[in-house]
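Here the structure comes first, spelled out in structure tokens, and everything after it is commentary.
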Ligand SMILES: [Mg+2]
């Protein structure tokens, strides 16, 4: 697709275009939060739409930046919400993080600012971790008085979504990263997570990474979208994926669409989650070339829109 077309995304608003779109790919890489569900409710009509794609012979990969759960836990959530899902289709960043550390023969412990899904996936590949849950270190945190023990075996700090983030945890993450040989790993850089209340902001791993980057002289290795390792991880399990015959479906323009662009995939933006039509138009009109990578090839209100055209 040339640059001119790239900046003119096509609406899925009639049967002809929906069929053309469907015929153009074999694999779907589907984001989860904001596309399949918002919090614990399925987006209406989307289980039926995705199951219809499957009946049409499309192969589906669940590609989520979410690292809070293991593959099994995500599979169970999908099934509970009415989706068909199998283990080899599940790619949360808890899993891609474990795959990455295994691929580099990581030795040592990991300190996690994140949720139990990360610790469980690391445990499956034989990596011990610390840091999950509230940090109950006694309160000696005034400047000049901080006293806490650091584990000598920690060789990686891993950032995921952590709803128990605290000053002690942040101080420990920064302290470990002062070590020359300590890896700085981000499961993803999502700044926020979807919230059911329009006025409520839920800060994500991108916010904690920015806080740490302000202190330590290291850049994180990013193992989710929009990075390229995430796609390598998927292709390792599904070597028959042809990027030209694959579509990335997502709600977040700055990660899902950029991920598609970075890996040579088609992109469909669904406006059932974080990214809006107005934001998409803003990126189309932006004078900054890097914003053009956020512009999808196609857009729709939701995946459920396909039900009326197929
Ligand atoms: Mg999303």
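From the backbone N, Cα and C atoms, a Cβ is placed for every residue, glycine too.
Record check, TrEMBL: Mg(2+) site residues include 31, 33, and the candidate from 242, 251 also listed there is 251. For ligand 1, the nearby binding-site residues are 31, 33, 251; that is, of 31, 33, 225, 251, these have a C-beta under 6 Å from one of its atoms. Recorded residues residue 225 (substrate binding site) and residue 33 (Mg(2+) binding site) have their alpha carbons 13 Å apart, per Cα-Cα distance. Sequence-distant neighbours of residue 251 (Mg(2+) binding site): residues of the same chain at least 6 apart with a C-beta under 8 Å from its C-beta are 31, 33, 34, 35, 194, 269, 270, 271, 272, 273, 274, 275.
Comparing Cβ neighbour counts within 10 Å across the binding-site residues 31, 33, the minimum falls on 33.
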